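Sequence annotations record features per position, and here TrEMBL assigns domain 'Palmitoyltransferase DHHC' to 89-216. According to TrEMBL, the transmembrane segment annotation covers 12-31, 43-65, 138-159, 179-199.
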Amino acid sequence: MGLRIHFVVDPQGWCCMGLIIFVWLYNTIFIPKVILFPRYEEGHISAVAILCYYLCSLFCIASLVRASVADPGKLPENPKIPITEREFWELCNKCNMMRPKRSHHCSRCGHCVRRMDHHCPWINNCVGEDNHWLFLQLCFYTQILSSYTLILDFCHYYYFLPLKKDNGDVFVFRHELALLRVSAFMGLIMLGGISGLFYTQLMGIFTDTTSIEKMSNCCENVSRPRKPWQQTFSEVFGTRWKILWFIPFRQRQPLRVPYHFANHV
């Protein structure tokens with residue numbers, strides 16, 4: 001399955017995604033400069049702590065970029081419908097195109113998306129069948145990075161001993177407290193918002209229900225899992241190897257499951 005680029009022309013989405021990139025870039029630059037490297041030089045932390053921080057940062061930005069440019073599952077203009085699955089397709093009343101059941105028409109993007117969960121302005125893209133796994137990785141690594149940043153901010157002032165030598169950067173030295181307060185504020189906002197979103201996404205996978213289906217109240221017994229959780233997660237991530245669920249640097253291979261669903265939008 002080759003890499004398919006999907007780019008949404010939406011100024012509002014560009015602003016939202018730009019804000020996320022700014023928060024990531026701010027913490028990736030100033031946290032190592034203010035805390036990690038000075039503390040490492042004085043022996044308060046090990047090189048493993050620095051490596052783990054940059055690794056979390058790398059996985060976070062990789063999942064963000066890939067989720068924003070990946071094709072979420074856009075349906076082609078003239079889809080080829082297998083004869084054995086025609087009864088599981090329906091006509092979209094907005095674009096007058098045939099689509100598999102559980103697909104949804106995104107008014108922001110202007111086309112139907114397979115198993116669409118929602119349109120997320122923070123990645124400027126729909127979250128659908130082909131990029132849902134990347135969106136979950138983004139939520140997961142954002143929580144890890146935000147928590148790690150908050151722990152470092154706290155330890156810098158309330159646990160670690162004062163630095164014996166001043167930071168060579170005059171700007172960082174003079175505004176150290178302000179920089180860390182901004183970092184802590186952004187970390188709290190990101191952690192609080194993403195944690196709630198991540199929990200909602202996990203519950204949707206456990207119950208095999210999309211956010212649109214929940215809002216439409218079209219699925220009976222939403223709280224009852226229809227499949228084992230290992231199967232639903234494997235279908236979302238495109239592999240049964242659980243270690244690969246955490247790797248954003250790979251191609252998703254969709255498992256061969258039918259498009260239809262007992263209750264659909």
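Glycine too: its Cβ is placed from the backbone N, Cα and C atoms.
Mean pLDDT for the domain 'Palmitoyltransferase DHHC' (89-216) in this predicted model: 88. DSSP labels the residues of the domain 'Palmitoyltransferase DHHC' (89-216) in these numbers: 69 helix, 18 strand, 41 coil.
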